[in-house]
Amino acid sequence: MGGHPQLRLVKALLLLGLNPVSASLQDQHCESLSLASNISGLQCNASVDLIGTCWPRSPAGQLVVRPCPAFFYGVRYNTTNNGYRECLANGSWAARVNYSECQEILNEEKKSKVHYHVAVIINYLGHCISLVALLVAFVLFLRLRSIRCLRNIIHWNLISAFILRNATWFVVQLTMSPEVHQSNVGWCRLVTAAYNYFHVTNFFWMFGEGCYLHTAIVLTYSTDRLRKWMFICIGWGVPFPIIVAWAIGKLYYDNEKCWFGKRPGVYTDYIYQGPMILVLLINFIFLFNIVRILMTKLRASTTSETIQYRKAVKATLVLLPLLGITYMLFFVNPGEDEVSRVVFIYFNSFLESFQGFFVSVFYCFLNSEVRSAIRKRWHRWQDKHSIRARVARAMSIPTSPTRVSFHSIKQSTAV
């Protein structure tokens, strides 16, 4: 209601004409509520104000609290807030009732809609930026064959999984109308299954990243023993039977609304959410061990203590998004507080939509091998296309015996 929450109520009171019959019934109801109260001494009698709020019999000198009206003059109000009225020392009610806390639910719904639309914009913007960054990173890994080691192949597959997930996200957003949801046609269920499959592959490729780092840093095994097919089985293979089992469960127990959401008491979604949470927990253990080893190695070095901690913090900040620990935030319940829910909605929307962008930055754009390979290619391209290179090549060509040079013509003319 803005800065004057009583303004609408006051305007309504000026135009209000209560039906005598309904007012009488309200008085009787209010009086019946007060019968149970046993008050001695000076008191205010039960009363119904012009808004319809019942103020029960109360002792003199007391501030009485009553819920805000649920519905008044065509406007719904939040009944979790309260109105206040004082029972004066002389046993009469104060003329003024404090309804300053009573807020229109209409305004709250408008605020919720605004926050929802902003969150939708953040989601679309984040997924667009992420998809562009992921495609650029994918092309770089495709073109730069000189850096194709197992570590970068894992990065490449993770980026591919994120591309497919982002692409199916756009398919879901653009095709899943309310009518399609209700019809529950076969293709929309396949789209949902594909989206969930690529979502799970993101987690398992992050698990592959964690396995590789843990093997290389903590277990100190030679990474030459690791094979590409092992990680392909983990990243692309393991999620497939998980999603098949989930789809069968949905088909038999929750076959509605294109398999989005879930009915109360049906827990088929945990078939794929459970393994995702499990690999997150394992990655958390990997992260703890990796940071512990990094701290030990840094402490054993000759650098100062400040530099040691700085490197440890940098390593931690890099490893957090790499191992997917940020997804832990998506399982947090923000509670009923409005501020917490708004912050959670924005924070969740930002993290989920920009996750692909962060992966591209950490795995590709900040990758020293990728940057070095790009720099070499750029220098080769400059050498090939620069004027200096063309002149140098022309000067290096030997003069043919049958070709007369400009210098020899000049000398013969002088003679």
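The chain as shown is numbered from 1 upward.
Using N, Cα and C of the backbone, Cβ positions are placed for all residues, glycine too.
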Among Asn38, Asn166, find the residue to which Swiss-Prot assigns the annotation N-linked glycosylation site.
Asn38
Look up the topological domain names in Swiss-Prot for Ala94 and Leu219, then state whether they lie on the same side of the membrane.
no
So, in Swiss-Prot, which cysteine from Cys68, Cys87, Cys128 is disulfide-paired with Cys102?
Cys68
Site from Ser112, Ser301 that Swiss-Prot describes as phosphoserine, others unannotated there:
Ser301
Looking at Swiss-Prot, which of Cys30, Cys54, Cys87 bridges to Cys44 via a disulfide?
Cys87
Subset of recorded positions (Asn78, Asn90, Cys258) lying within 10 A of Cys102 (disulfide bond), CA to CA, in sequence order:
Asn78
Since the record lists Cys68, Cys258 as disulfide-bonded residues, which of them has the fewest other Cβ atoms within 10 Å of its Cβ?
Cys68
What is the interatomic distance between the Cα atoms of Cys54 (disulfide bond) and Cys87 (disulfide bond), given in whole Å?
13
Do any residues, 6 or more residues outside the transmembrane segment (112-142), come within under 8 Å Cβ-to-Cβ of it, and if so which ones?
148, 152, 155-156, 159-160, 162-163, 166-167, 169-170, 173, 342, 345-346, 349-350, 352-357, 359-361, 363-365, 370, 374
Out of the recorded positions Cys87, Asn98, Cys188, Cys258, give me the one sitting nearest to Cys68 (disulfide bond) by CA distance.
Asn98
Report the nearest neighbour of Asn90 (N-linked glycosylation site) in space among the recorded positions Asn45, Asn78, Asn98, Cys188, comparing Cα positions.
Asn45
Collapsed DSSP category at Asn45 (N-linked glycosylation site):
coil
